[in-house]
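Structure first, then comments.
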């Protein structure tokens, strides 16, 4: 056995960017354009909402960058809430993540990935429920096996998946730009006609956009394994957010170049409808790339959240066995196995979308606690070293 059994610093800046981008670019950009357009009622206002959501999420991410750089410990928001308010609020945050945010989110994503993989095999009928759940279980079991075996493998898988996501979006962008070059600009004329500026419409469209950008907080759970966290954590967050905002805006323009607003609103997955309109017999590629994209979010979530529960168990806020490290591979294997079991349980749920709404409520609660804690720490610990502020 090694002299010290501990997590190692082996996540580079590039891998950190891949983790954040790989988590953020999940199913959101392939689905959320419908949610935003449905509420705003116009192309122009929907593009503004995409930009506003990107800026808002970047500001949230910068708050996490300040906290992560000043407290370079794995555990993310749990550590920050504990530092600001003590054990009890941190305990609540930990168990919200454990029972809602992590397993429910992964379970829903695994079912979405499975659906996209199987859909080309069942073009004229619904995908069998048993097959959908079986593939979902196999996908996540494989990701857990990789994360348990080697952190570098998990981060390399995340890099490959992130590249696959960018390939899918590059296909969309290139095809969209070709359509624009041909003069297909009808959908970009009078873009603010019929816009709905009501508070309710703005709020609901903002919620859809906020969900599409979510995932920027997960690198903070891995701070102790990040090389030079004071520098690389805030840098990775900024590079990732700028990249994602640019990619999302350009992708939406490409969608609009090919699809009318009516076609987008009738679609359950805009990218799939886009492929059907433009890629002919090769349209099956898009559902597969979307499934790979969703797997990246699952992989990054499991990689990050397992460290949160590992830290919580070390502080006696969770069962102690979850603080164990696999001594050969130096990974929090017990924490990963518990996540896997919880995900398998939630995959059996018949109303996964209700669980996703609960997950969203839990995430909003945790964010509120974190940002309140950040303000309180300015008064409580004014001399705390903050590399960025």
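Including glycine, each Cβ sits where the backbone N, Cα and C put it.
Feature annotations, courtesy of TrEMBL:
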type	residues	note
TRANSMEM	12-36	transmembrane segment
TRANSMEM	48-67	transmembrane segment
TRANSMEM	88-118	transmembrane segment
TRANSMEM	130-147	transmembrane segment
TRANSMEM	159-181	transmembrane segment
TRANSMEM	201-221	transmembrane segment
TRANSMEM	233-258	transmembrane segment
TRANSMEM	284-309	transmembrane segment
TRANSMEM	329-349	transmembrane segment
TRANSMEM	361-379	transmembrane segment
Under 8 angstroms, Cβ to Cβ: which one of 12-36, 88-118, 233-258, 284-309 has the largest number of such pairs with the transmembrane segment (201-221)?
12-36
At a Cβ cut-off of 8 Å, and with pairs 6 or more apart in sequence only, do we get at least 3 pairs between the transmembrane segment (284-309) and the transmembrane segment (159-181), yes or no?
yes
With the transmembrane segment (361-379) as the reference, find which of 12-36, 48-67, 88-118, 159-181, 329-349 contributes the most Cβ pairs under 8 Å.
88-118
Counting only residues 6 or more past its boundaries, what in the same chain has a CB within less than 8 Å of a CB in the transmembrane segment (233-258)?
13, 16-17, 19-21, 24-25, 29, 33, 43, 46-47, 50-51, 54-55, 57-58, 61-62, 64-66, 68-69, 72, 166, 169, 172-173, 175-177, 179-180, 184-185, 187-188, 212-213, 216, 219-220, 223, 226, 264, 270, 274, 277-278, 387-388
Which of 88-118, 130-147, 159-181 shares the most C-beta pairs under 8 angstroms with the transmembrane segment (329-349)?
88-118
Would you confirm whether the transmembrane segment (12-36) and the transmembrane segment (159-181) meet the contact rule of 3 or more C-beta pairs below 8 angstroms, pairs 6 or more apart in sequence?
yes
Which one, 48-67, 88-118, 159-181, has the most C-beta pairs under 8 Å toward the transmembrane segment (130-147)?
88-118
